[in-house]
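Asker: One structure is given below, represented as structure tokens, and several questions about it will come after.
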Amino acid sequence: MTTNDTYEATYAIPMHCENCVNDIKACLKNVPGINSLNFDIEQQIMSVESSVAPSTIINTLRNCGKDAIIRGAGKPNSSAVAILETFQKYTIDQKKDTAVRGLARIVQVGENKTLFDITVNGVPEAGNYHASIHEKGDVSKGVESTGKVWHKFDEPIECFNESDLGKNLYSGKTFLSAPLPTWQLIGRSFVISKSLNHPENEPSSVKDYSFLGVIARSAGVWENNKQVCACTGKTVWEERKDALANNIK
């Protein structure tokens, strides 16, 4: 990423005083690409202007013993997300089993440039995985029902780190860009596969391990200030606990 790829993102993070703010600043001070940090202690919100992947911000804070939830990124109608699930059944661990294998956070930073923060966790084979966007958002039959490849990413996702979901499982992450506006992505499917050929809707092409999800709009910066979900009645931190339990990180 370049300095021209900067965008603003807001994060919910527990803080109660200036000492909390100073601890957060110290935690993030060595992360390259952060231009500015601003804090609202009363609302427990941190605003970050940077060219850094949201997952990097969140993971860095977690390594310092703090948690954070991204609340919004980019301008209105410029952000999206896809929760990536496998349609191939196997058990990881009875206590940790989940269909989720990854997450793609998406934010547009220019008229024709969008960033993709991709995390993968719990894949059964170490190695390079490959991302693509398919023309349809029908995931009822896995990759087979998503149609043709609409855009493919040439850079691989390197998954060689041990996963926290169980033995012989692997994780990885990457931060990619594409010359696409976010509005063209909504409703399509985001697919990650072990296959370099980016499998399409042919049964013979989905033998390689793959996982996918529908791309949905997400909040822009300052568009989401809810503290309690109207659907579940849970606080954002209770929902965060549920998300982590389902491998949404």
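Glycine is no exception: its Cβ is also placed from the backbone N, Cα and C atoms.
Note that the coordinates shown come from a computational prediction; the quantities given were computed from them, not determined experimentally.
Pulled these from Swiss-Prot:
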| type | residues | note |
| --- | --- | --- |
| DOMAIN | 6-69 | domain 'HMA' |
| BINDING | His16 | Zn(2+) binding site |
| BINDING | Cys17, Cys20 | Cu cation 1 binding site |
| DISULFID | Cys27-Cys64 | disulfide bond |
| BINDING | Cys229, Cys231 | Cu cation 2 binding site |
Asker: Would you mind listing, in sequence order, the residues at least six apart from the residue listed as 'Zn(2+) binding site' in the same chain with a Cβ closer than 8 Å to its Cβ?
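Answerer: Sequence-distant Cβ neighbours: Ile41.
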Asker: For the recorded positions Cys17, Cys20, Cys27, Cys64, work out the Cβ neighbour count at 10 Å and name the residue with the minimum.
Answerer: Cys17
Asker: To the nearest Å, how far is the Cα of Cys64 (disulfide bond) from the Cα of Cys17 (Cu cation 1 binding site)?
Answerer: 17
Asker: Give me the CA-CA distance between Cys20 (Cu cation 1 binding site) and Cys27 (disulfide bond), in Å, as a whole number.
Answerer: 11
Asker: Per DSSP, what is the residue tally for the domain 'HMA' (6-69) in helix, strand and coil?
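Answerer: Helix/strand/coil tally for the domain 'HMA' (6-69): 21 helix, 20 strand, 23 coil.
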